[in-house]
Amino acid sequence: MPQNLKSILVAAAIIQKDNKIFIARRSPHKHLGGLWEFPGGKIEEGETDEECLYRELQEELGITINVKEFFMNNIHNYGNITINLKAYFCEIKSGEITLSDHDQYLWVLKNELDNYEFAPADLPFIKVMNAN
Ligand SMILES: Nc1nc2c([nH]c(=O)n2[C@H]2C[C@H](O)[C@@H](COP(=O)(O)OP(=O)(O)OP(=O)(O)O)O2)c(=O)[nH]1
């Protein structure tokens with residue numbers, strides 16, 4: 001891959017509670033600021049996807065989670081950057097949600113996801129969830 005085409009691995013948690021899903025809005029100053037996403041972040045060198053999610057959700061939301069199962073991934077080209085976004089179904093093990101990286105969060109029903117403007121890389125996840 002040419003030097004100027006950066007590709008990064010990102011893990012995202014689809015946290016389920018009862019019949020709802022957790023979504024969070026990216027802070028305005030960040031890449032894709034103002035768009036909704038599933039919390040997570042870049043997978044660091046030597047880290048498994050599960051370790052990444054565990055770390056990111058502690059950092060970003062102040063919770064500990066169980067990673068239940070892999071859902072699907074999507075490779076998306078944002079122009080200057082290509083991300084391989086890997087989504088996992090998760091559940092909260094302990095802690096109360098405290099935002100440090102996002103400016104808003106919501107628990108929504110699967111069929112309400114369409115009402116929110118998500119980061120483009122997440123759209124296939126929503127399509128598949130709504131089809132099931
Ligand atoms: N966490 C997360 N990132 C997403 C999603 N969809 C999507 O396109 N992204 C993009 C935004 C960023 O370009 C990249 C990961 O960004 P991030 O900002 O959450 O990662 P991070 O916490 O490790 O990064 P940083 O702010 O510390 O630099 O993936 C998503 O659902 N969740």
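Just so it is clear, glycine is given a Cβ too, placed from its N, Cα and C backbone atoms.
What TrEMBL annotates here:
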type: DOMAIN; residues: 5-131; note: domain 'Nudix hydrolase'
type: BINDING; residues: ARG26, HIS31, GLU37, PHE38, PRO39, GLY40; note: 8-oxo-dGTP binding site
type: BINDING; residues: GLY40, GLU60; note: Mg(2+) binding site
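Structure coloured by features recorded in TrEMBL.
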residue: ARG26; record: 8-oxo-dGTP binding site; CB count, 10 Å: 20
residue: HIS31; record: 8-oxo-dGTP binding site; CB count, 10 Å: 11
residue: GLU37; record: 8-oxo-dGTP binding site; CB count, 10 Å: 20
residue: PHE38; record: 8-oxo-dGTP binding site; CB count, 10 Å: 24
residue: PRO39; record: 8-oxo-dGTP binding site; CB count, 10 Å: 27
residue: GLY40; record: 8-oxo-dGTP binding site; CB count, 10 Å: 24
residue: GLU60; record: Mg(2+) binding site; CB count, 10 Å: 19
Which binding-site residues from the set ARG26, HIS31, PHE38, GLU60 have a C-beta atom lying less than 6 Å away from ligand 1?
HIS31, PHE38
Alpha-carbon spacing, ARG26 (8-oxo-dGTP binding site) to GLU60 (Mg(2+) binding site), which is rounded to whole Å:
11
In whole Å, could you give the widest CA to CA gap in the 8-oxo-dGTP site formed by ARG26, HIS31, GLU37, PHE38, PRO39, GLY40?
14
Using DSSP, would you call GLY40 (8-oxo-dGTP binding site) helix, strand or coil?
strand
Going by DSSP, give the three-state secondary structure for GLU60 (Mg(2+) binding site).
helix
Three-state composition of the domain 'Nudix hydrolase' (5-131), taking helix and strand from DSSP:
31 helix, 61 strand, 35 coil
Other residues near the 8-oxo-dGTP site, CB within 8 A of the CB centroid of ARG26, HIS31, GLU37, PHE38, PRO39, GLY40?
ALA12, ALA24, LEU32, GLY41, HIS102, ALA119
Rounded to an integer, what is the Cα-Cα distance in Å between PRO39 (8-oxo-dGTP binding site) and GLU60 (Mg(2+) binding site)?
8
C-alpha of HIS31 (8-oxo-dGTP binding site) to C-alpha of GLU60 (Mg(2+) binding site): distance in Å?
16
Hey, how far is PHE38 (8-oxo-dGTP binding site) from GLU60 (Mg(2+) binding site), Cα to Cα, in Å?
11
